[in-house]
Amino acid sequence: MGEGKKGSGGGEKIGGAPPIQEKKGGKADEGGPAPEDAHKCCGCRFPLLIALLQLLLGVAITAVAFLMVTISPSLLARETPHWAGIILCVVSLLGFLLYCITYVPDERTSMQFIAKLLYFILCTVGLVLSVLVMAFSGHHYAQTNGFSCLEVGDDCVCTLDPHDPIARTFTYAGVSDCGEVTGTLKLYFLLQIALNLTQALVCALGAFVMWKHRYQVFFVGLQMGSPSFQHWQKV
């Protein structure tokens, strides 16, 4: 008399209230935070945009370097930085690989950890190479501004001080028109400075974002009752 009846399913119904049903947890119930909503934009997702800029700038740097070689084959490797452009293209390909394996701030697999570490290191190397190319190009650009050139056969012989008999001379083989040295080549040096400055900023941004995601993002959790009920907050 006055005793409540138990249902056949084992759940107890009190006061006409519906039985309590447990929520099936999603990704946050697995003991970790859910993926960030900031990655919803596919075109803006890190590191896709940075890798694309690195690829375009690397191709541009390499193309300008080979155009410089066509002016005179006697130009040194430091004057035609195709090596820097090729290395930066490799960095961008690694960035595309990192995007394809689903970039997340905290590593879930060893593949993600290795790819992120290599990308960070290569971005840093790309930054150093870009600064090095800017230094070489700036030096040669300043030199060509003070050149006094004379055509000798099929070559162009330039000097910084034509009145000094022991002044250092620069011979550009295969250049029949010295205007290509004092005009076109000087423009290419200036273009290399601008491209590598942009590339240095992009590489620095890529390395900074990678470091920031890895070491400046922490997740704090409040566990209530059971592991199925966890609230995560990024700080």
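Using the three backbone atoms N, Cα and C, a Cβ is placed for every residue, glycine included.
Copied over from TrEMBL:
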| type | residues | note |
| --- | --- | --- |
| REGION | 1-32 | region 'Disordered' |
| COMPBIAS | 21-32 | compositional bias 'Basic and acidic residues' |
| TRANSMEM | 48-71 | transmembrane segment |
| TRANSMEM | 83-105 | transmembrane segment |
| TRANSMEM | 117-137 | transmembrane segment |
| TRANSMEM | 189-211 | transmembrane segment |
Chain residues in Cβ proximity to the transmembrane segment (117-137) (below 8 Å; excluding those fewer than six residues from its ends, i.e. six or more beyond): 47, 54, 61, 78-79, 81, 84, 87-88, 90-91, 94-95, 98, 189-190, 192-193, 196-197, 199-200, 203-204, 206-207, 210-211
Close approaches to the transmembrane segment (189-211) from elsewhere in its chain (Cβ under 8 angstroms; 6 or more beyond its ends): 46-47, 50-51, 53-54, 57-58, 60-61, 64-65, 81, 84, 88, 91, 95, 116, 119-120, 123-124, 126-127, 130-131, 133-134, 137-138, 140-141, 144
